[in-house]
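A.B. asks: I have a structure here, written as structure tokens, and I will follow up with some questions on it.
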């Protein structure tokens, strides 16, 4: 078994040293067998101690954790002997019969002596004695950490440096900031893309910490019946104002409406500060901070709301054959979000009144406010004990909001929007040992370039930063007086520059703490010239198009050319924008678009072994000067290759040519490919064995077959070129290899399997909508991003599409508003004298108009010293998103089964820690805190997700694309791909509907993903992120068939229906409005498929029924029993 660490880089397989990807300092890539990950402090938490195998039911799971049983028909009419009993009246929607009834508790496997599964406290554990993938290779002997042992929060130890790849020429890389010597980043080596760092990124400064604040308890929980003060969410995407951020639709009114009267009953939210008093101060007995930053109260705070009343509990019978059906928890009438803030206006308006005295302390002088956060007498809702084996209805009726950190209200009010920046733990443990004990991952999820409808932009000749650690001034620094401020990351005291004394908003002097930079957690600066190493580059777009016979056959070329013609005036840019085109089959074709030519001139280079540019000056042309020639070319291109019989594809040489063309300026390369490249450099052979698609054993070929595409991507990154790959193919294309070109150049991958203009109209519609968004969305060029955190914390692994240029500097040749990133963190020094810690992400980029800009996001979180506080602040969705990224890396560096084991053990370990260390009264059952009640469900959903599932036929490219999505998509869009939302839509009403832009959007409640929730009399909509299914029951309400689908009866429903007819009926309008509203919540376009019992896609729909048993995977109930069995050992 491989002992490759989980820190292996984005494309690394089996310990191969790759200098990039989800890694900080690219270290610890070649570990000797048995070396643990990051045994640098105390014995770190080892998430993947080997454990007992999955419960072997009768004839089930005989050789590994998840093994297929002999196939059985999915839905038979014989009486089921399985997890769920179908309700009466639905005899045909029963579960598949299995080998025999399962006992209540799965049989115990051989197990070691009970006790906490912590690794031995030694710097380097001995190598494993047994190499096996079962949880307990040797039942009598406690094993040292195995390769599938995740360790949260510990940085990998520095090992040898990875070999340099494709060394660029020395000298500075264009347009990147050379930070002063006081910066935390080590000096950059010019000999390789990634110089070997000396250890994990730590944010230390020589300045001693400031005066310690009095220690306070940071529980700060509410009494029942109260609710958190509303957060300050940023409005969503500009192209759809007023929508909630993610997930299934909320049940309350829209964000812009006034909140409904709050219902009574115990709160359902997460751990929250005490409610504000009438004067805005915090409840408690300590002195109050003098009305700090209260001037935005009226803009951001709605009335306190409380959640829905306590849910009615179902219970399980003594045997697992069926959950009792219980009534769903009542839906809350309170809105998901408070009214949208209006505080961030352009700074040209009249002065606003401020109530804060100019000499008052800044918000980071926290002791008085935090002293008020003493522990309340009641248990917070987040820690309410839930017995997962008894509570059936765990899904809330609408979207799950991010938990609110336990901060004083004045701080929380200005904290960063969780859609942009959120942490897996909203309460940061004081020490690494406390984090190890909690067995929860610590990391950050970012969506740094997200479209924001309100973004404060500051033009200033002086950008105020800490002289020591280069942190940008932000709302969480403290002003010692008018002339001095203390950095919230390294605690250095800095002088306030003279220019900063003037406030452009209020046009007053002497109030630096009221400047917009200190009032907004997200802000954008227009950077002065010292932030440039060369003049800002123009927007440059190069399109590289496959024109082989296979490509022409799909008809994609017409769509690309037509879309470009339609949107050519909407391409982001200015008068300097450049554009160019390359087409390729077995040769490379360039297009001379020089001004003055009567028509475009095609130049063919057939020597693909030694590629050159036939005329370097006129292949990339100014768009505004040569627009007519460009339009002529786009109109003629589809016809040029109509009759081609060329079947070969020289993608590698075409990419080399495109790189040569873009190198002088940088820019964006958009590559369209429809088959496996088979000519010239980068040629690939098919590695997929279709017979192995459903194998329950390990999946092969998840890592690249060649390093050509990665090396080229690193060259591109060095020259500020990003590559976006559009893959439109019915055959295997080796996305594992091709995807490297985008991953390491900060591009993105779009995948349209089985694309064909005539045979697959749903894909055509999706491609068209995605292209429009791609061509017209905002873009940043020649960008770099750095994430800083308070002294004592360190960042050690990155996830996303980028190249790590130095230990903590991400190179992003392009940055787009749809890209997400994640980082893992550890606690290097105890945070004993700190009340709060801060995190800051700074993104420096060139706008399409040629402005150098810096977008800065700052987040503040409390530090706690008890396990119960850590659990109370756990963000279950963020934890799931980070684990998904970690599991993708593990699949590539070790094996898919390792990754699956690691995810299962993540749930086992965190719930075991909660049971042992937080619960005071031990009770039977599988117990979880309310804030983690969905964690086992999300882990099971990941195990059944296309990226990680086994035993189900999955094309290799489909699997690899799912893995790309898990690493790249922002959390808001990712959660639907992990756990789809199911709604009943044949009885939509206006009750509780949203009203957006004079459209009424119904809000059906979210159903559990189980066949028992389906009814033959109904129609059900499943939103799975990239695709939406509308399942129509055989006995569906005739009214729905006629009024929504426009057909007289069930048999008349077309087999491949992907568009709903626009009928002039209330039912049709409601259904279309709801689907349109779901689609508007994401930047990509999900296809709609109407399916009935005979549809080919019914299997895809049923595979998303996560709570049901399949031939190769456990049901949710069986999974819970397995977790309970492991925890109780």
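Glycine residues also receive a Cβ, built from the backbone N, Cα and C atoms like all the rest.
As the structure is a computational prediction, the values presented were derived from the model and not from experiment.
Pulled these from TrEMBL:
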- 1-10: compositional bias 'Low complexity' (COMPBIAS)
- 1-367: region 'Disordered' (REGION)
- 72-87: compositional bias 'Low complexity' (COMPBIAS)
- 113-129: compositional bias 'Pro residues' (COMPBIAS)
- 130-144: compositional bias 'Polar residues' (COMPBIAS)
- 155-166: compositional bias 'Pro residues' (COMPBIAS)
- 180-196: compositional bias 'Low complexity' (COMPBIAS)
- 226-277: compositional bias 'Pro residues' (COMPBIAS)
- 286-295: compositional bias 'Polar residues' (COMPBIAS)
- 326-335: compositional bias 'Low complexity' (COMPBIAS)
- 342-367: compositional bias 'Low complexity' (COMPBIAS)
- 463-499: domain 'Zinc finger Sec23/Sec24-type' (DOMAIN)
- 536-775: domain 'Sec23/Sec24 trunk' (DOMAIN)
- 780-864: domain 'Sec23/Sec24 beta-sandwich' (DOMAIN)
- 875-975: domain 'Sec23/Sec24 helical' (DOMAIN)
- 1001-1075: domain 'Gelsolin-like' (DOMAIN)
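Provide an account of the burial state, proximal residues and distances for the features listed.
C.D. replies: A mean pLDDT of 96 is what the model gives for the domain 'Zinc finger Sec23/Sec24-type' (463-499).
Using DSSP to sort the residues of the domain 'Sec23/Sec24 helical' (875-975) gives these counts of helix, strand and coil: 70 helix, 3 strand, 28 coil.
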A.B. asks: Which range wins on Cβ pairs under 8 Å with the domain 'Gelsolin-like' (1001-1075): 463-499, 536-775, 780-864, 875-975?
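C.D. replies: Counting Cβ pairs under 8 Å, the winner is 536-775.
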A.B. asks: Pull the DSSP breakdown for the domain 'Zinc finger Sec23/Sec24-type' (463-499) and write it out as helix, strand, coil residue counts.
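C.D. replies: Across the domain 'Zinc finger Sec23/Sec24-type' (463-499), the residues distribute as 2 helix, 12 strand, 23 coil.
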